[in-house]
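First up is the structure itself, then whatever we jot down about it.
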Amino acid sequence: MAADAVPAAAATSGEGSPIPSSPAASSTHHPEKTAQEQHPSQVDDRDEPKPHLHAKTFLAVFAVCSIYFVQIYNVVGAGAQTNTIALTLGNGSTADSVWLASSIAIGTAVLSPIFSQGADYFGRRWFLIIATLIGAVGSIVIARATSMGMAIAGFTITSISYGAQPLLHAVSSEVLPRRYRSWGQAADLTANAFGGITALLVAGAFTRTSNVPSEGFRNFWYVGTGLFFLASVLCALLYHPLPTERETSFTVGEKLAKLDWVGYALLTFGIVLFCVGLSWSDNPFPWSDPHTSATFAVGMLMIVLLAVYETFFKKDGMFHHGLFKNRNFAITLVCLFCEGVAFFGANNYFAFQVGVLYETDALIVSVRYSITMFVSIFSCLGAGLYCAATKKIRWISVASFLFFVIFFACMAQSTPEQSTAVWGFPVFLGMALGLSLVALITAAQLSTPPDLIAITSGLVIGIRSLGGSVGLAIYNALFNKAMGHLGDNIAAAAMPLGLPPSSLGPLIGALTSHDEAALFQIPGVTPQIVGAGVDALKNTFMSAFKNVWIAASAFVAAAAILAVFLQDHQEEFNMHIDNPVEKDEELYSLHD
């Protein structure tokens, strides 16, 4: 159905009554805005009064961008320092390392729709402030961690702050004219890129000596604690939205009754059990073990029950039926799922591969990955300009996934000897990240009723993070399966050179733990044997990384094909502001 067939006035809250698309609609209402408030997608922006935005609006966008900055600082740090934390706290074992980033992805997927629906009734502001403060608490736990379990607990606490991530996208869009909504998303993603660059360079500086056990990661999350706290304070000071009708029309009890509690429970148990079961595959349990198969099956059952419940019993819940009247929304959800699979794969495994195969200096490893973030700044700003100027999103979305395909194809073909070539591959990743999120999030928000923008953003970010958690579980299983041949590969390389059988175990242990001092203390070990063992180690890692890149490329190739079917609804790019932070007399004053 075309987007213009779903005017804002036709969108309901689920109780059958229209919800005004502007928070100011019930107070100081500008008479010239009546037509576009009722039908914002059907009014040509040339016929609309032009709003005059002031510092209050731009400071609100800045406040949410500061939160995005620290959220990406945390998640990129989790990916870039996974190996360091695992080796420092896991006594050389990396079996549990997947949970550092996965806990964030799962938390985001579970909490995004919940926070988004809650924010429609209780307001955005306190969800943003309190969630970001909780991120500071989690960062302290990570910085003080004495075991992998404690570190995972810290990341799980920080994941609560990511439940508010959809609200960042909602606020930066709804306070601006719809014509410039892509610029709001570009602002978010510019903050995203700067947060990633900061994370990579700070992490590299604190753990620069080597990739072996290092306490430097603690300082990284002490800095993160301060950043989370600062972002929360900035939001409290700078973001003061006008109350919406949903916030003022119901009592607290009525608001709680309208929330989708059954859906929340099914979503939480379904995603957690699904991802845990998938992550346990070959790490450490085979699929035949009930730990893996039963957990996965129960998770799948919960997800199926959630789909049935939301389809037939709860039409105004997290998956509000008003969202799916335009095919663009369904397409963007699938594409963003694939984008999440791609991003978390690159975020967790690119720096890992560079650190294992090409560099020993952690700062240089970070610099290599930071190329992605630098390029994404320019690509997201370019995407914001393109979408606002042309009012089109389809072909830029297709192009973004083609850049993903190129990146993963290049990485899959890389070898341990291609260090120089790998320097250039992050350029394609940066292009893909900047273009895809600006275009797809803008498309999703403009294809749904204005009063459902928070739920729209919640599903968009939740699905993206679900893709990340599913992707990480798949990658972990593929990676560990390939690494399971490490002992055999090292034995095949070292034994013919005269290594005593009794020395094989210590040699494998010293190589995998990067303990150079212990290598030449092993009986029978020679420089030739060490060289052969290192080559076998690198080749095994290369095979494992290749599995990851091939799997990721399959998802983004499918998304590139699906994005071709997006529709360009140029009428949606008008000058209407859905949820301004300024009153009408400020926005439309003739004295500005």
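The backbone N, Cα and C atoms fix where each Cβ goes, and this holds for glycine too.
Model, not experiment: these values are computed from the prediction.
Among the features that TrEMBL reports, region 'Disordered' is placed at 1-49.
Sequence annotations record features per position, and here TrEMBL assigns compositional bias 'Low complexity' to 1-28.
Sequence annotations record features per position, and here TrEMBL assigns compositional bias 'Basic and acidic residues' to 29-49.
The feature domain 'Major facilitator superfamily (MFS) profile' is assigned by TrEMBL to 60-571.
TrEMBL lists 97-114 (among others) with the feature transmembrane segment.
For 126-143 (among others), the entry in TrEMBL reads transmembrane segment.
Tertiary proximity for the transmembrane segment (149-168) is limited to same-chain residues at least six positions away from its ends with a CB under 8 Å from its CB atoms, namely 64-65, 67-68, 71, 74-75, 78, 85, 89, 96, 99-101, 103-104, 106-108, 110-116, 119, 124, 127-128, 131-132, 134-135, 137-143, 188, 221, 228, 454, 457-462, 465. What TrEMBL records for 149-168 (among others) is transmembrane segment.
Sequence-distant contacts of the transmembrane segment (189-207) (same chain, six or more residues past either end, CB-CB distance under 8 Å): 65-66, 68-74, 76-77, 80-81, 84, 214, 216-217, 219-220, 223, 351, 361-367, 369-370, 372-374, 376-377, 380-381, 433-434, 437-438. The transmembrane segment annotation in TrEMBL covers 189-207 (among others).
Sequence annotations record features per position, and here TrEMBL assigns transmembrane segment to 219-240 (among others). With a cut-off of 8 Å between Cβ atoms, the residues of this chain six or more beyond the transmembrane segment (219-240) that come close are 56, 59-60, 62-64, 66-67, 69-70, 73-74, 77, 81, 124-125, 128-130, 132-133, 135-136, 139-140, 142-143, 154, 158, 161, 171, 199, 202-203, 206-207, 581.
Annotated transmembrane segment per TrEMBL: 261-280 (among others), in sequence order. Sequence-distant contacts of the transmembrane segment (261-280) (same chain, six or more residues past either end, CB-CB distance under 8 Å): 98-99, 102, 105-106, 109-110, 113-114, 289, 291-303, 305-306, 309-310, 314, 317-319, 466, 469-470, 472-474, 476-477.
Residues annotated as transmembrane segment in TrEMBL: 292-309 (among others).
Away from its own ends, the transmembrane segment (329-349) comes close to residues 75-76, 79-80, 82, 101, 105, 323, 372, 397, 401, 404, 407-408, 429, 432-433, 436-437, 440-441, 443-444, 447-448, 456, 459-460, 463-472, 474-475, 479, 545, 548-549, 551-552, 555-556, 558-559, 562-563, 565-566 of its chain (Cβ-Cβ under 8 Å, at least six residues beyond either end). Sequence annotations record features per position, and here TrEMBL assigns transmembrane segment to 329-349 (among others).
The transmembrane segment annotation in TrEMBL covers 369-388 (among others).
Feature annotation from TrEMBL assigns transmembrane segment to 395-414 (among others). Here the transmembrane segment (395-414) has long-range neighbours at 335, 338-339, 342, 346, 350, 353, 383, 386-387, 421-422, 425-426, 428-429, 431-436, 439-440, 443, 542, 545-546, 549-550, 552-553, 556-557, 559-560, 563-564, 566, meaning same-chain residues at least 6 beyond its ends whose C-beta is under 8 angstroms from one of its own.
Annotation comment: TrEMBL describes 452-475 (among others) as transmembrane segment.
For 548-566 (among others), the entry in TrEMBL reads transmembrane segment.
Tertiary neighbourhood of the transmembrane segment (97-114): same-chain residues 74-75, 78-79, 82-83, 85-86, 90, 148, 151-152, 155-156, 158-160, 162-163, 165-166, 263-264, 267-268, 271-272, 275, 279, 283, 318-319, 340, 344, 347-348, 455, 457-459, 461-466, 468-469, 472-473, 476, selected by CB-CB distance under 8 Å and a gap of 6+ residues from either end. Among the stretches 292-309, 369-388, 548-566, the one making the largest number of Cβ pairs under 8 Å with the transmembrane segment (452-475) is 548-566.
Within the same chain, residues 327-328, 331-332, 334-335, 338-339, 341-342, 345-346, 349, 393-394, 397-398, 400-402, 404-405, 408-409, 411-412, 432, 443, 467, 471, 474-475, 478-479 sit at least 6 positions outside the transmembrane segment (548-566) and bring their C-beta atoms closer than 8 Å to a C-beta of that stretch.
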